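First up is the structure itself, then whatever we jot down about it.
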Ligand SMILES: *[C@@H]1O[C@H](CO)[C@@H](O)[C@H](O)[C@H]1NC(C)=O
Ligand SMILES: [Zn+2]
């Protein structure tokens, strides 16, 4: 059967015994940080996003609570999955499924689990599943310099994120998934606000706001606006958590994202455009790209997240982050200069297992 084909089953029993019994078995551990989304995607015949999202919505009781129509929901999830580009090495439906699984792990953290409403959880999961919808596999600067219509449409601002959001809204309206709810408008707006928060170029804005809240200790999760902000931060973490996964999973993501960058670089070379940072396969390696990303993007974000939610999961993530960075450093001894600490504040959180692993890594080089 074609890779996108789904079995004609009652969606409630979408993972029935003879169809991918092993995948169903994996879903029992869907809240595990070691969840192997690549294996799950193979076991579901390339349908990881549909199955995972359906399973989570069902497990949280959201289908029943919001009286979601099974046929509409199934159609919506299939359309979402199909709108991702299979041919993108990184920004495809498996990345969306991975972010949704990470989001689920964060939603279960005590601080969130105690305060989030069912509506918050519904939005968080939907935003994760749709946050890169119809991603073209190239970045915003590329769209701007090639005069892509999306750059003009969104005036060079969060071009991709606006497109992901509007694509998600399009599918929600097309399938009329929430047309029976009075909150349809609010869903669309909040979905936008969550997806737009994944714009990495605006990370400092979100991070300094998060830092201020943590310094003042004034996050009050009884307030809807504060819960929404925490959901934004959780989605941002879920989106870039690859370096915090166990090495075997993390390494695969690193290879995929670098492949996508280098592919963009090859197009730029071919068309005699300026080659974007990180996209020149002759000037970068997987290790150098990863070490820079971890140092300047991932570590600062997770250092604050750990202050907010200092749990076993957070310590596990920091532990992997440190070990993975050390592994890449060992593969790229000459790049150890970019992995030096000191530019950022010597926060407590970053001193923990990551820097210990890091200093071990640099001693070897
Ligand atoms: C977007 O950026 C391009 C290239 O810098 C520029 O030519 C264009 O005028 C900009 N568009 C808007 C709406 O700012
Ligand atoms: Zn993403």
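Cβ coordinates come from backbone N, Cα and C, glycine included.
According to TrEMBL, the feature domain 'PDEase' maps to 15-335.
As annotated by TrEMBL, AMP binding site applies to 91, 92, 93, 94, 95, 132, 239, 290. Long-range C-beta contacts of residue 239 (AMP binding site), restricted to its own chain and to partners at least six residues apart, with a cutoff below 8 Å, comprise 99, 131, 198.
Within the same chain, the residues at least 6 positions away from residue 91 (AMP binding site) whose Cβ sits under 8 Å from its Cβ are 84, 85, 132, 135, 137, 260, listed in sequence order. Annotation comment: TrEMBL describes 91 as active site, proton donor.
In the three-state DSSP scheme, residue 131 (Zn(2+) 1 binding site) falls into the coil class. Sequence annotations record features per position, and here TrEMBL assigns Zn(2+) 1 binding site to 95, 131, 132, 239.
Take the CB of residue 132 (AMP binding site) and look out to 10 A: across all protein chains shown you find 26 other CB atoms. Marked as Zn(2+) 2 binding site by TrEMBL: 132.
The region 'Disordered' annotation in TrEMBL covers 329-365.
The compositional bias 'Low complexity' annotation in TrEMBL covers 329-339.
Feature annotation from TrEMBL assigns compositional bias 'Basic and acidic residues' to 345-354.
Feature annotation from TrEMBL assigns compositional bias 'Polar residues' to 356-365.
Counted within 10 Å of its Cβ, the other Cβ atoms near residue 290 (AMP binding site) come to 30, all protein chains included. Within 10 Å of the C-beta of residue 93 (AMP binding site) there are 25 other C-beta atoms, taking all protein chains into account. Candidate binding-site residues: 95, 131. Fewest other C-beta atoms within 10 angstroms, 95. Selection of the binding-site residues 92, 93, 132, 239, 290 by a Cβ distance under 6 Å from ligand 2 yields, in sequence order, 132, 239. Confidence for the domain 'PDEase' (15-335), expressed as mean pLDDT, is 96.
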